[in-house]
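Annotation comment: TrEMBL describes A:Asp26, A:Asp71, A:Asp207 as Mg(2+) 3 binding site. Residues annotated as substrate binding site in TrEMBL: A:His50, A:Asp249, A:Tyr307. Taken from TrEMBL, the feature Mg(2+) 5 binding site applies to A:Asp210. TrEMBL lists A:24-133 with the feature domain 'PurM-like N-terminal'. Taken from TrEMBL, the feature domain 'PurM-like C-terminal' covers A:149-285.
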Number of protein chains: 2
Amino acid sequence: MPSEFELIDRYFRRPTRHTELGVGDDGAIIRPTPGMELVVSTDMLVAGTHFLPNVEAEDLGWKALAVNVSDMAAMGAQPRWALLAAALPAATESWIEKFTRGFFACADAYGIDVIGGDTTRGPRNLCVTIFGEVPQGTALRRSGARPRDEIWVSGKPGRAALGLAHLQGRAQLAEPQLSDCLAALHRPQPRVALGLALRGLASAAIDVSDGLLADLGHILEASGVGANLQIAVPPESAFEREALLAGGDDYELVFTAPAARHGEVAALASTLELALTCIGTIAAGVAGHIDLCDPDGHPIAIEHRGYDHFG
Amino acid sequence: MPSEFELIDRYFRRPTRHTELGVGDDGAIIRPTPGMELVVSTDMLVAGTHFLPNVEAEDLGWKALAVNVSDMAAMGAQPRWALLAAALPAATESWIEKFTRGFFACADAYGIDVIGGDTTRGPRNLCVTIFGEVPQGTALRRSGARPRDEIWVSGKPGRAALGLAHLQGRAQLAEPQLSDCLAALHRPQPRVALGLALRGLASAAIDVSDGLLADLGHILEASGVGANLQIAVPPESAFEREALLAGGDDYELVFTAPAARHGEVAALASTLELALTCIGTIAAGVAGHIDLCDPDGHPIAIEHRGYDHFG
């Protein structure tokens, strides 16, 4: 096994494009763009909780960064820099090679410089910190939703949860749905372009990591409002309904925007070639409360909203 | 057990002093000071590798942040913001209460806003990311050491390693040394004031986390130089010698400065009430090579330089 420092040199040090000093000192040095605010976020991925122990290392590398990129998308920030801290069991070099290949593929896809990190021995744990930039005062927050705003969601949430259920033997998917759902699970595509386009348009935004209803709930609580949702849920399968409403790990965006700007949001769907579905409206009333019905107005009971790591 | 979100509200969310948006959204928002560069670093602490499983939670909280503060000190940066990601086994609330008490005590001691993080279930793992500021171009790097520069070290390295050896039954310390060494191990005091004072004075700097010789070695390699050291090692104890030369976890600073500025460095010792010892000079020659002798000029063999997580 090479030393910690040989591993860093071989797999974690790559040329940077917009960084003063990258991997290799006590800290990295970046020069924020004048007039921009910095948005920062960190996410920790643990084997067994966030990924299956037998996941492909390259997929895991992609996803470890992608879930952080998604936080930038949800804030309307342009992702710029990332740090990677990794605890690894007696790691084989081939695992590290594949993992970093996926990680840097995601970094390249989103224009991110990987500027530092930490490697240590321990139960597998990946902690990524990401930095993005946003013009002062324009970040998308959870707290801006107002009564009568429309509620939108991008893409098709629930696919990652279905893919996971298939892998765990709790569901049986057929092609082409299987490949689609596994791609959503293993190679999430954070909605950065959407997040940037929503600056000055959306009143609030969040990404769907814990489940559609759970994450919408965070917007509602932060904004002190409720919601009336009309969602077309698959009638034939309680399981698909659960995945749609409470499945995590999709990294789509849920956001709110004034009803008067419905056309602008709808136009983004074709510009970005991304489904954007209006699923309801913000209501005055109890903060966090959600009334859910199908498109015909029949109430749907909510069993649970999503994932809670300590619940 | 409260939910993840209740835990965050109760223990991880505190008022901030210089932050646009702290804990509670997809990302935190900070506004870097114009004209300053941002120095960023991340460190991951794993039970069994970086701390004993039975360590006091409050000490661990202090140390998890302090080791990151030390990276800022080594760069000459003023620490300003931190993120905390934590994987916890079925954590008791009392553990979290104590841990966060120590963590925020360190944050308060160094004027740091804790602006976000992540909590998840898993084998205990703490990953802290820290951000500091430094005027453009003034950060202390590892790569600036030049032949004939003097090599200095702050404080008394080796105390943390001795404290750890005592706890592990590999050494038997008596008071008052025991308390002194346990304090060094559990409550390291990062040398931020020293790091700030060394801007424009030191040619290179690093903090002693892996061991005095190992970390000096990083300066030598980054600078393409060697070193001649004269160190007064305790003659009576091979163990204390090993702790001094190769013991990690002290978070003192090792730095180099031009010999012409010896007096300025020496004067800092009294200003800061901190021992600063000149332990040798930088030599041209093989990058990373260290010649070590005692103050009488007798060569001392180097058995190993410090800690390598994968070696």
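Counting starts with 1 at the first residue shown.
Using the three backbone atoms N, Cα and C, a Cβ is placed for every residue, glycine included.
Location within the structure of each feature annotated in TrEMBL.
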residue: A:Asp26; record: Mg(2+) 3 binding site; CB count, 10 Å: 28
residue: A:His50; record: substrate binding site; CB count, 10 Å: 24
residue: A:Asp71; record: Mg(2+) 3 binding site; CB count, 10 Å: 29
residue: A:Asp207; record: Mg(2+) 3 binding site; CB count, 10 Å: 26
residue: A:Asp210; record: Mg(2+) 5 binding site; CB count, 10 Å: 22
residue: A:Asp249; record: substrate binding site; CB count, 10 Å: 23
Pairwise CA distance, A:Asp26 (Mg(2+) 3 binding site) versus A:His50 (substrate binding site), rounded so that it is a whole Å: 29
Listed binding-site residues among A:Asp71, A:Asp207, A:Asp210 whose Cα sits within 10 Å of A:Asp249 (substrate binding site): A:Asp207, A:Asp210
DSSP three-state assignment for A:Asp207 (Mg(2+) 3 binding site): strand
Pairwise Cα distance for A:Asp71 (Mg(2+) 3 binding site)/A:Asp210 (Mg(2+) 5 binding site) [Å, integer]: 13
Rounded to the nearest Å - Cα separation of A:His50 (substrate binding site) and A:Asp210 (Mg(2+) 5 binding site): 11
Secondary structure content, the domain 'PurM-like C-terminal' (A:149-285) (per DSSP, counts of residues): 61 helix, 27 strand, 49 coil
Within the predicted model, mean pLDDT of the domain 'PurM-like C-terminal' (A:149-285): 92
Per-state residue totals over the domain 'PurM-like N-terminal' (A:24-133) - DSSP helix, strand, coil: 36 helix, 45 strand, 29 coil
